[in-house]
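TrEMBL lists 1-39 with the feature region 'Disordered'. Positions annotated as compositional bias 'Basic and acidic residues' by TrEMBL: 1-10. Annotated domain 'Exoribonuclease phosphorolytic' per TrEMBL: 45-173, in sequence order.
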């Protein structure tokens, strides 16, 4: 008997797609420890794992894990810029591209860059641009590409840290490293380095002081290179949130320093025997 090759031969037993749908976000408690054991109203960031020089085709690269948030960054250049105008004659150009892998979020996305990717790319550029010595690279272009492999919250803050580490691994002259930290304000309570569920849920009944904050910080110069906030927060809450994020960046700084020092020692040539 001939077989219809154009017909899709599905399984004999099937289940409804609604069985695998995500449950709606529920309100999180405002007291007690968080779901991963960290404390509320404290600068309690997730353990961070970072490595440099994993992509051989790039001038510099870095990989970062913070909980289940995983990012990879590659830096290419400096290379000759395509557009030659008066600005490029005096200093170089920094381009940033941040994308989410289709499997990075609970809801599968597409490879086409969406509005969220473009917004994050712009925020990443604004955070890194003040720290790079572009006047050292006239008529040149430095490309920074960040790929989010898994989004488990605070992805923009960790993308800033990962991109800064990749720039340093590429040997790009910088005024200082750029570290990122984020927090989520929920009424009178706040959480630092929020997870994906904490970013997309609201546990407070009132709508006052509801929002998120991400700070890009230069620890050695004690300067803020980028700030992004959403929601509605009072001036006092926003000021306290900035100080909290800066404290989180200082906690992250020794880990980044150790990783960069380890990468430099590994890439350095062995001492000559005299």
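Using N, Cα and C of the backbone, Cβ positions are placed for all residues, glycine too.
Just so you know, TrEMBL annotations never went through curation; they're auto-generated.
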For a three-state summary based on DSSP, what are the helix, strand and coil counts in the domain 'Exoribonuclease phosphorolytic' (45-173)? 40 helix, 44 strand, 45 coil
Taken over the domain 'Exoribonuclease phosphorolytic' (45-173), the predicted model's pLDDT averages 88
